[in-house]
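As written in TrEMBL, here are the features:
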type	residues	note
DOMAIN	4-109	domain 'Thiamine pyrophosphate enzyme N-terminal TPP-binding'
DOMAIN	199-316	domain 'Thiamine pyrophosphate enzyme central'
DOMAIN	409-535	domain 'Thiamine pyrophosphate enzyme TPP-binding'
BINDING	442, 469, 471	Mg(2+) binding site
């Protein structure tokens, strides 16, 4: 059997740990899909459209460390670019592979279908370069190995998406076989001298301070710094909080974990501790208008150390060329045995009492947001992953106490409503042994609902809690108007459309706590497909955090032009 360019790509994807790739067929990628089907241990997973295909691969990357999506030229890839932009924003190595016109057509002056009607086909890769860390076009088999390896290697090193474009007549062309995968997986070591200098500078910074706190950000996962962050917290003995987008990236059963720092939307006591602290270590934090609540909660200045994936900034000095993972390990070792910095924990225990228990609502009472969130929170186990859609689902998830091992996924930097449905599909494909739960609003669901059909197709026992409050509630809190109203659907009934008489998906509508509890019991018993529970909630029933956060973000958006 001839070894081909498509097989080379498939082998490399398998070697980096992928067992699946996601695809939407189109005439420019059909030969490539044929070649990928020849790879042992690699399954081709089909999606309803290219946007969902991209987000399915993004969700898969959250679970497996990388993901791959295969689409056709222009009409497919440009749709998928939305998900690629999200992967770039969220630091996820999503590898988008696009079929492309026949190599003989490049430079021929031919105008082809699925293009913008010009003989120059380079516009697609030019777009891709702005939202990826590497973008390559392959129009000959000889160049394929080096270009494929470059794109995948760069994506894994930088934790960003990459783009590979393969001419349709090259995908099946003969190609050399790959060498050891270590050539793709190898990392560039950080600079030892810079690391040592940064550690000493931070140690000196801490020696002058007693009220120290650690803030964990969403880039900690991309830096593989979870264990190092715990080791540093052990060494310091100080309070630790996560930013909202980093929920579950630090163990919530850790003795000194105080919850989420998010300005006015913070967990009880967390904002007060960070306002009071005289030394804040920010580990992989992203400060944008959402995470700072409209720029009102932004730790900075002389009392803050900003430790990013590859740089450290403190006291007007930048240390570049190190790895955050190495920094955390080295700093924890440097501080081991020194006096603890427990002042922030002493203060936290003084100002925050034991959390009040959340009582269940009367079984026949109208279903409320609080009761819905209480029942979802009760489902969380160490084997659960909760995906929370953009909107009030963020704030509901933030309030939930996670057992060790439970995971939460947000898309807070990109904030694309509808992300959670295909991302849930991709995550569930990657982690079939975990219980996957999704909270999504009705408006968000309408953007990407088709991928529930693929959950039915593959028999994935996902539980989707759909909040039906008749509109884009997050937009209502930022800036209301008639454009935030949507057409209601029969969401619970939609499952039967996707089942089409053969699937095992189930749909329920809950208007009371008792109806929701009954639906949850049925969902836990349904192992043959997804369960969608439509939760009927009043339009104005949302968290107080969403209201205050929305007001602050609206104020930031409404700033007049600078004069």
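These residue numbers are counts, starting from 1, taken along the chain as shown.
Backbone N, Cα and C define each Cβ position, glycine as well.
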Problem - Sorted by sequence, non-442, 469, 471 residues with Cβ within 8 Å of centre, Mg(2+) - result: 441, 443, 467, 468, 470, 472, 473, 486, 537, 539
Problem - Mean of pLDDT values spanning the domain 'Thiamine pyrophosphate enzyme TPP-binding' (409-535) - result: 95
Handout entry: the domain 'Thiamine pyrophosphate enzyme N-terminal TPP-binding' (4-109) - residue tally per DSSP class, helix then strand then coil
Key = 49 helix, 21 strand, 36 coil
Fill in the blank from the handout: residue 442 (Mg(2+) binding site) falls, by three-state DSSP, under helix
Fill in the blank from the handout: Per DSSP, the domain 'Thiamine pyrophosphate enzyme central' (199-316) contains 37 helix, 26 strand, 55 coil
